[in-house]
Amino acid sequence: MAVHLHHRFHTAIGGPPATRVPHLSGQYTQTRGRGPNTRARRGGRSLGVRARPGRPGTIYAVFAARRGPARRPGVRIRGRRGPVPPAGPVAGPRFRPATRGVPMTDTSRYPPGAPAWFDMTVPDLEAAERFYSELLGWEFDLGPYALAHAAGRRVAGLSESWHEEAGPPDRPFWTVYLATDDVTATLYDVAAAGGTVVAPRRDVPGYGTMAVVREPTGAVFALWEGDGLAGSEAFGLLGGPIWAEVTSRDTHATTDFLVRVFGYRPDRFADVDFVTLYVAGSPVCGVYGGSAERVSEGHGAWLPYFVVASADAAAARAPLFDGRVLRSAEDSPYGRWTMLADPFGAHFAAVEVAT
């Protein structure tokens, strides 16, 4: 995706038996009993995460039952504001408009190296749900791993624990999952290219296989081999993802690593420190030599872009729900956009589709 919004326009910036369920976000959560004092555990060791009063301590499931998910009450925001005009599907991540009503992407399969899924761990799940419901119109399933839906399609996930191997982050950040046809083989490629494994290969029964890795300059991302869930089902749609890029202190090193692992064709711009990565002739993600603030955050350096009906409205609403505007809404050849932080400091971009 030659969105290149960043590269051209950023200048700143004891009871019942334990239940052990693998989260898509990479951790196994183990709980015993019910009630507010139930502690989430992984591998028998406490993560220090307490279930809040009134929320059952046992795991419902990583994903909702196939007969239809139960939606968390109080976060269905769209109906209170009236209908949201559809953004319309887009013809790839260049944000070129396509015929309305015709999906631009076959989300039953993502090519290797394409950003396929997005999730994040937060200290307060309900506050995160409220914020993203208001900003992106998401609805959430009940459960410790809350699946977000946009237009009835699964789009991303939120949870309240973290990858224990990596330790608690300085602040929450969005994890980008890059698609692969074989997680095990890709882990070998990661090691050969100088990367490290943060969370080893794990199966999410009925949905796929994942692992979490760190590239040599420090940015963490995940691998996703879909089997039942290829990835986000709302790519390019209102509320869905449309682009992702990683900020690096050394774009040459990061690009070399990613090319060795995924076989991208890189296209480096001559006048700015930005590289577009292509798969089979299509741009899928980017590497940006960006602001010192984002680079210093290391493992939180991947930035997802989500489609909104109005970038100005998103920027205006973010502070009302404890978010921050990191870059005011402005025009670009690919649509008007803004860069925001949620209440916990996680960065993301909101972009309108150019028409």
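Residue numbers in this text run from 1 along the chain shown.
Any Cβ shown, glycine's included, is placed from N, Cα and C.
Feature annotation from TrEMBL assigns compositional bias 'Basic residues' to 1-10. According to TrEMBL, the region 'Disordered' annotation covers 1-51, 73-108. Residues or ranges marked as compositional bias 'Low complexity' by TrEMBL: 89-98. The feature domain 'VOC' is assigned by TrEMBL to 114-226.
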For the domain 'VOC' (114-226), the number of residues DSSP places in helix, strand and coil: 22 helix, 51 strand, 40 coil
Averaged pLDDT, computed only over the residues in the domain 'VOC' (114-226): 92
